[in-house]
Amino acid sequence: ICTAFMEEAQTVELQTRVVGQNQDEDIPFTNQSQPKHYKWWIRVISYILFLISGQSAAILLGRLYFDKGGNSKWMATFVQSAGFPILLPFLFYFSPFAKSVPVSVTSVPRRPKISTLVFLYSAFGLLLTGDNLMYSYGLLYLPVSTYSLLCATQLAFNAVFSFFLNSQKFSPFILNSVILLTISASLLAVNSDSENASTVSKGKYVIGFLCTVGASATYSLYLSLVQLSFEKVIKRETFSAVLDMQIYPSFVATCGCVVGLFASGEWRSLSKEMKEYKEGKVSYMMTLIFTAVTWQVASIGLLGLIFEVSSLFSNVISTLTSPVVPILAVIFFHDKMDGIKAMAMLLAIWGFLSYIYQQYLDDSKSKVKKKMKANSNEASLGLTGQV
């Protein structure tokens, strides 16, 4: 898949830059204007599987860490970004071919200043730090099923942020998705009195609820800002640019987590936490390591979908874990699946499908417009040839 992706990306980059020589238009970040064949579908399906499996496993492992004796919010936040070094080989692997493409210098977009990139990556890194910390509080104080369903609200936030930042238009299906996901989250809030009362106080449940919703809003803002940054600042249509956007902010976020870990004093209790972990020291370390790895697997899927399709679509696929994780939580953590939670899950699925259908309609319209434009160009060339 990686080899096929390299060949396709090189072809796409050449085609995009050649077009840039002939018309004075901004180069879009996504490759939606390129013909899609079976290799493209294989890559997209692979990225979808990476995102769903990685995110589902990471959420379950994060809950396992807290259930078996882990109590450090900053450590749970740290592992969400600390696995970025496993992406470095991909960065070295994809960077050389982008530089070796023989194109005209005038067609290459001007690279942003180093100071601009440093500010951009630092801001995103700090944003990720706060986002991951709120997610950690949510996992600590909420059942996995409730936590995952609340994460479905990110689609509603995504629609709002995309409207203001990415010129996303509201349609009846997107509005339907926003309403359904809001009702789904509201049902879980109303149901807070009947669940988890024996293990977590009402106050902590509210904190977990608000932190998870806040994290979903921050995550949606992050994706919209990333898309805006690629379009307005970076202006490069290469996978290495996407990896840069993941690796450098993750590095800043990891440094921020280290500072938070020492500033909060939680580092002093880590040794005791490891010794008292119910499954043993080895299991403690393996849980943290696999949590970090699975978050990066999810990141690879997320980045791949941003590159191949769009940030909006990647967020939609990320939300698909909402109905997947509660089922796994019932199996592995024996969470209760009562009637209200089941209804909330069904509403979340309905909202997700409504959003997906709108994406399908938008894609169909773009294909029709592209075909009509191609036919118009062919007709113009035919008339020119006759003259």
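Cβ atoms here come from the backbone N, Cα and C positions, even for glycine.
Copied over from TrEMBL:
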TRANSMEM  40-62  transmembrane segment
TRANSMEM  74-94  transmembrane segment
TRANSMEM  114-135  transmembrane segment
TRANSMEM  147-167  transmembrane segment
TRANSMEM  173-193  transmembrane segment
TRANSMEM  205-225  transmembrane segment
TRANSMEM  245-263  transmembrane segment
TRANSMEM  284-306  transmembrane segment
TRANSMEM  312-333  transmembrane segment
TRANSMEM  340-357  transmembrane segment
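Below 8 angstroms of C-beta separation, residues 124, 127-128, 130-132, 134-135, 137-142, 146-147, 150-155, 157-158, 160-162, 165-166, 185, 188-189, 192, 196, 306, 311-312, 314-315 of the same chain, each at least six residues beyond the ends of the transmembrane segment (205-225), sit close to that stretch. Packing against the transmembrane segment (245-263) from elsewhere in the chain are residues 72, 74-75, 77-78, 80-82, 84, 87-88, 91, 117, 121-122, 124-129, 132-133, 226, 229-230, 234, 299, 303: each is 6 or more residues past its ends and has a CB under 8 Å from a CB in it. As a quick check, the transmembrane segment (74-94) and the transmembrane segment (284-306) clear the bar of 3 or more Cβ pairs under 8 A, pairs 6 or more apart, so the two touch. Relative to the transmembrane segment (284-306), the listed stretch 40-62 leads the set 40-62, 312-333, 340-357 in CB pairs under 8 A.
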